[in-house]
Amino acid sequence: MAEKRNIFLVGPMGAGKSTIGRQLAQQLNMEFFDSDQEIERRTGADVGWVFDVEGEEGFRDREEKVINELTEKQGIVLATGGGSVKSRETRNRLSARGVVVYLETTIEKQLARTQRDKKRPLLQVETPPREVLEALAKERNPLYEEIADVTIRTDEQSAKVVANQIINMLESN
């Protein structure tokens with residue numbers, strides 16, 4: 001990869017976007033950003049608090065602005081929030097400004113990876129987590145697929161293995 005293209009990671013919560021993104025950025029000597037962490041940095045509050053105070057719509061507005069700004073940079077790896085693809089504007093920007101990698105995973109793996117994580121506002125509800133994740137998958141998976149240049153399943157692989165797969169796919173294209 002001679003030129004430094006932007007790499008944008010999309011996929012559901014628990015797919016490994018942040019972990020794999022950090023690994024990928026380190027291996028490629030690129031700058032790493034996580035849209036949720038960037039929102040937390042700018043607001044001085046965690047994502048759950050922003051959700052509670054501003055609602056999902058307020059959070060998505062912030063997310064859209066942050067992703068717009070970050071995707072204007074060059075040579076970055078960006079881990080997006082799982083719901084960021086709900087915005088057509090965000091989908092268009094991701095597609096136009098870099099390579100979109102869809103990190104795909106099963107509901108079972110999502111449950112295992114998120115069960116103790118209290119920073120998942122959409123799972124902090126009365127509805128059983130499996131039902132929430134299934135509903136989100138039905139709504140969002142087609143949107144991830146719509147903009148993906150590359151799709152990689154992350155279920156039984158380490159972050160380093162997935163990062164290497166992404167690098168190999170990018171180099172062969």
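Including glycine, each Cβ sits where the backbone N, Cα and C put it.
What Swiss-Prot lists as ATP binding site is G14, A15, G16, K17, S18, T19, R120, Q157. Long-range neighbours of A15 (ATP binding site) (same chain, six or more residues apart, CB within less than 8 Å of its CB): G82, L103, E104, T105, Q110, T154. In the three-state DSSP scheme, A15 (ATP binding site) falls into the coil class.
Using a 10 Å Cβ-Cβ cutoff, S18 (ATP binding site) registers 18 neighbours. What Swiss-Prot lists as Mg(2+) binding site is S18, and the listing cites sequence analysis.
Classification of D36 (substrate binding site) by DSSP places it within a helix. Per Swiss-Prot, the feature substrate binding site maps to D36, R60, G82, R140; the stated evidence is sequence analysis.
Those residues of the chain, other than D36, R60, G82, R140, with a C-beta within 8 angstroms of the mean position of the substrate site C-beta atoms are M13, E63, T80, G81, G83, S84, V85, K86.
Rounded to a whole number, the C-alpha distance linking G16 (ATP binding site) with R60 (substrate binding site) is 20 angstrom. By a simple count of nearby Cβ atoms, those within 10 Å, the most crowded of the binding-site residues T19, Q157 is T19. Counting in whole angstrom, G14 (ATP binding site) lies 14 from D36 (substrate binding site) by their C-alpha atoms. When Cα-Cα distances from R140 (substrate binding site) are compared across the binding-site residues K17, S18, T19, Q157, the shortest belongs to K17.
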